[in-house]
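Here Swiss-Prot flags Cys16, Cys52, Cys81 as [4Fe-4S] cluster 1 binding site. Here Swiss-Prot flags Cys148, Cys152, Cys155 as [4Fe-4S] cluster 2 binding site. Among the features that Swiss-Prot reports, domain 'MTTase N-terminal' is placed at 7-117. Per Swiss-Prot, the feature domain 'Radical SAM core' maps to 134-371. The domain 'TRAM' feature in Swiss-Prot is assigned to 374-440.
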Amino acid sequence: MQQGSAPKISFVSLGCPKALVDSERIITRLRAEGYELARKHDGADVVIVNTCGFLDSAKQESLSAIGSAMAENGKVIVTGCMGAEPEQIEQAYPGVLSITGPQQYESVLEAVHRASPPIHNPHLDLVPPQGIKLTPRHYAYLKISEGCNNRCTFCIIPKLRGDLVSRPAADVLREAERLVAAGVKELLVISQDTSAYGLDLKYAESSWKDRSVRARFLDLARELGELGAWVRLHYVYPYPHVDEVVGLMAEGRVLPYLDIPFQHASPNVLKAMRRPAAQDKTLDRIKSWRAACPDLALRSTFIVGFPGETDADFAYLLDWLDEAEIDRLGCFKYEPVAGATSNALPDQVPDEVKQERWNALMARQQKISARRLKRKVGTRQQIIIDEVGPTVAKGRSKADAPEIDGSVYVSSRRPLRVGEIVTARIERADEYDLHGTVAGF
């Protein structure tokens with residue numbers, strides 16, 4: 001660093017959207033102190049790596065990122081979920097400057113200060129009111145809580161991030177309002193268990209504008225829906241009170257989209273996972289949700305090859321999917337995670353069987369997705385534009401979250417802008433995407 005110049009930070013953010021929000025908070029604090037962001041590791045005074053430690057494959061990706069930072073720079077600070085159990089990092093890279101777990105923002109800042117002290121300029125404000133975002137300007141993740149009270153056997157998130165800690169409703173709403181004022185058109189509500197929001201606070205009220213708002217899933221969703229942006233709900237568990245939120249979707253207050261991680265359908269597997277096993281009742285609820293809100297899109301994730309999963313269990317899952325008709329689906333092959341209680345379960349499934357089941361499930365889902373998307377041909381859909389080209393733009397409908405769902409490719413005779421919301425006539429559908437033309441031309 002040259003004498004008098006601002007110190008530069010290079011940042012690597014790995015893992016889920018919750019970790020991305022953690023990265024945004026750290027960067028916002030550092031920018032407020034005058035730090036600049038470097039495009040490359042070798043041009044930075046220090047590198048921060050926000051790790052993921054959920055799966056062994058994610059740990060390997062984190063270790064690889066740390067190794068690259070050490071090779072290209074040498075001054076590396078490690079934080080995030082993998083940092084909660086630092087032994088593996090310390091063994092592989094004993095020269096890292098600091099290792100901390102998730103949400104330990106102050107410890108990260110202290111490590112940065114030790115490695116490269118800030119230059120204070122009281123006349124310069126480097127941070128906009130909405131903070132520093134790592135997403136495109138037109139959408140942002142809004143984290144409403146940390147941690148989780150569930151104890152699924154395959155998951156170590158409670159060990160890494162602790163039990164549920166919800167933010168006061170007014171705090172969430174103030175952040176959301178700042179984001180919308182800064183140009184954000186879509187708020188993606190995230191947590192480990194969004195529908196449990198406020199349980200730890202006993203649904204306490206907090207002051208928002210001229211009224212009090214309870215820290216309750218329904219109340220928060222209703223208030224967010226008044227801010228003038230798309231509101232998309234992720235990581236929702238199918239608790240009974242979710243039915244009330246579907247009512248808000250039917251009224252057009254929040255997007256008709258639910259991201260619910262069902263993980264499986266077989267009662268035997270769900271019991272081994274320690275997840276709600278009444279998936280037959282869930283099918284009835286899905287039908288009632290769609291009756292109340294016909295445009296509802298459902299996204300979910302599933303695990304195949306969980307210990308003890310039999311051919312009959314897997315066949316049950318495929319039949320369940322045919323009836324549920326999940327719109328968007330992600331599937332993972334089970335892999336052991338250090339510290340997870342599922343590691344000790346009997347009847348581990350061979351890797352080749354996991355792969356066969358993954359292939360079969362994704363093939364089945366491809367047909368379901370194509371069938372559901374075909375029904376949208378001839379309709380008009382609102383599309384938020386993510387990328388623009390000379391004649392065709394890439395965007396998403398209300399049924400598509402960024403990065404994980406499908407896309408809508410639209411033609412237009414006029415230039416479109418990133419973040420613009422247009423109405424398009426859908427003319428064609430394939431397995432995962434839609435194609436159309438901006439209406440009015």
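Each residue, glycine too, has its Cβ placed from N, Cα and C.
Counting neighbouring Cβ atoms within 10 Å of each of the binding-site residues (Cys16, Cys52, Cys81, Cys148, Cys155), the lowest count belongs to Cys16. Annotated [4Fe-4S] cluster 1 site Cys16, Cys52, Cys81; additional same-chain residues within 8 Å of its Cβ mean position, judged by their own Cβ, are Leu14, Gly15, Lys18, Ala19, Thr51, Gly53, Phe54, Ala58, Gly80, Met82, Pro102. For the pair Cys52 ([4Fe-4S] cluster 1 binding site) and Cys148 ([4Fe-4S] cluster 2 binding site), the C-alpha distance works out to 17 angstrom.
Sequence-distant contacts of Cys152 ([4Fe-4S] cluster 2 binding site), defined as residues of its own chain at least six apart whose C-beta falls under 8 angstroms from its C-beta, comprise Gln263, Met273, Arg274, Arg275. In this structure the C-alpha atoms belonging to Cys155 ([4Fe-4S] cluster 2 binding site) and Cys16 ([4Fe-4S] cluster 1 binding site) are separated by 14 Å. Residues Asn150, Arg151, Phe154, Ile156, Ile157, Pro158, Gln192 surround the recorded [4Fe-4S] cluster 2 site, their Cβ atoms falling within 8 Å of the Cβ centroid of Cys148, Cys152, Cys155, which are themselves excluded. Per-residue pLDDT, averaged across the domain 'MTTase N-terminal' (7-117), gives 90.
Each residue contributes its Cα atom, and for Cys81 ([4Fe-4S] cluster 1 binding site) and Cys148 ([4Fe-4S] cluster 2 binding site) those atoms are 14 Å apart. Residue pair Cys16 ([4Fe-4S] cluster 1 binding site) / Cys148 ([4Fe-4S] cluster 2 binding site) shows a Cα separation of 15 Å. Secondary structure by DSSP for the domain 'MTTase N-terminal' (7-117): 57 helix, 21 strand, 33 coil. Mapped onto DSSP helix, strand and coil, the domain 'TRAM' (374-440) counts 1 helix, 31 strand, 35 coil.
DSSP assigns Cys155 ([4Fe-4S] cluster 2 binding site) to coil in the three-state reduction, placing it in neither a helix nor a strand.
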